[in-house]
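Here's the structure we're looking at; comments come further down.
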């Protein structure tokens with residue numbers, strides 16, 4: 001076949017792929033996938049969101065494979081390295097909480113672009129590090145880029161129908177998180193390539209970090225011009241579900257007014273503290289006792305919604321928080337855990353101080369040189385990359401599993417999928433903590449990685465159902481829970497790293513296994529895990545009672 005014929009064949013294949021129409025719902029959200037298509041708006045946004053998150057995630061952890069070299073140059077202790085790992089996820093908590101409302105206001109496209117552009121700057125400046133404090137500060141600011149997860153999830157929630165949004169969210173988050181594994185492959189290779197070109201170790205790592213920073217900056221700029229916020233194009237043109245709500249304003253004096261009067265009265269002299277009550281029928285026609293009952297029911301429902309968000313935030317800390325912590329320490333774990341026999345490291349020794357009354361034994365935190373490790377730093381990074389590389393399918397598998405059970409068991413099916421994923425994660429973490437050989441540790445690491453990432457996917461498969469009008473805010477809160485978990489687990493690691501690193505995984509397993517049972521308590525759309533197969537009725541004329549305190 002000639003070159004011209006091959007080119008024509010490729011063009012025909014591309015045309016056929018693009019010719020397949022994507023079915024849409026009444027809000028123009030896609031009801032199907034075309035993975036090999038980059039047609040605007042749906043599939044272009046799909047691929048832009050996961051690739052932007054992939055670049056951001058790879059940049060976020062680009063410094064981690066180079067930590068052994070950096071530690072050697074500046075004589076950093078294990079504790080200093082662990083604290084820098086805590087810093088790398090700390091600021092992301094604040095960033096994710098702030099990014100949710102920004103997505104609701106400005107849309108995911110501009111929000112993601114801004115985060116990537118800002119996050120590229122501290123990565124490029126990493127070469128200015130001179131000590132442990134500098135490493136901590138740089139990793140703290142690099143953590144801003146971790147907030148790209150929120151616009152990534154928000155984007156697909158705005159583009160895809162609820163029947164496949166769990167799968168869509170899982171695919172983009174999983175393929176984005178794949179950057180955490182890719183960076184453990186790419187950065188050591190880039191480091192070695194720069195050394196081949198003539199640079200020494202201490203110059204090579206500084207040059208290597210400029211490259212992901214430049215790539216992150218370029219993709220952040222490109223996002224603005226190549227994709228859309230929503231099916232209608234610009235975020236201001238998006239379609240929202242129409243909510244048919246009758247509203248009564250109950251003033252502090254006990255009077256009522258209809259919605260129109262309430263809106264007009266915001267410019268008047270009414271007293272500021274009032275209660276808006278959304279009911280099935282206009283409450284002005286009801287008795288005061290019934291209104292009171294309705295208010296109590298609505299407040300209770302709001303409390304349950306808050307409880308659901310809180311539990312899912314904890315669960316995300318037990319899944320994505322674990323993933324963040326493991327990404328931060330896994331290469332170091334293999335260096336610290338598997339050592340040569342009868343080898344004593346000079347970096348870990350006790351110094352006896354004699355004073356006039358007694359002898360005090362203290363541990364001096366000296367540089368972590370890893371001279372007793374069986375593995376080299378590059379080999380440990382390659383092994384650690386397997387954990388992140390499971391994201392190529394594992395997180396999406398969690399979303400697909402959730403969508404599959406939803407098809408047969410409604411919301412209860414999603415909750416069942418969620419508890420199964422978390423329970424599997426907890427069990428495999430306990431097993432991993434007992435592995436004493438490198439091959440068995442690698443095999444179990446791959447399995448528990450799959451469950452960790454499936455747990456992430458099943459968590460965000462539930463998010464669009466909690467409150468469809470506040471997906472950005474809820475995504476931000478739950479996403480921040482993942483980073484809180486990352487900080488907690490990194491802090492625990494810092495306490496255990498000098499004693500028994502494998503016990504850290506045992507603690508994680510116990511916490512995850514216990515926390516998964518909170519799924520039994522949470523209601524979503526008035527369904528719990530035991531209300532199997534019950535589906536909510538479409539609300540055509542009214543909503544269920546919902547009370548919102550506000551100031552008019």
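Cβ from N, Cα, C; glycine included.
It is 203-225, from the ranges 19-41, 111-133, 203-225, that TrEMBL records as transmembrane segment.
Among the ranges 231-254, 255-278, 279-302, 303-326, the stretch that TrEMBL annotates as transmembrane segment is 303-326. Annotation: stretch 168-191 has the most Cβ pairs under 8 Å to the transmembrane segment (203-225), among 81-99, 168-191, 303-326, 415-435, 470-492. Counting residues 6+ beyond its ends, the transmembrane segment (303-326) has Cβ neighbours under 8 Å at 85, 89, 146, 177, 180, 387, 418, 421-422, 425, 429, 449, 452-453, 455-456, 459, 462-463, 466-467, 474, 477-490, 493, 508, 511-512, 515-516, 518-519, 521-524 in the same chain.
Relative to the transmembrane segment (504-524), the listed stretch 415-435 leads the set 81-99, 135-156, 415-435, 470-492 in CB pairs under 8 A. 441-463 is the stretch from 43-61, 81-99, 168-191, 441-463, 470-492 with the greatest number of Cβ pairs below 8 Å to the transmembrane segment (415-435). By number of Cβ pairs under 8 Å, the transmembrane segment (470-492) is matched best by 81-99 from the list 43-61, 81-99, 168-191, 441-463. Between the transmembrane segment (43-61) and the transmembrane segment (168-191), three or more CB pairs separated by 6 or more residues in sequence fall under 8 Å, so the two stretches touch. Long-range Cβ contacts of the transmembrane segment (81-99) within its own chain (Cβ-Cβ under 8 Å, at least 6 residues beyond either end) map to 60-61, 67, 71, 111, 115, 132, 135-137, 139-144, 146-147, 149-151, 324-325, 328-329, 332, 368, 476-477, 479-480, 482-484, 486-487, 490-491, 493-494, 497.
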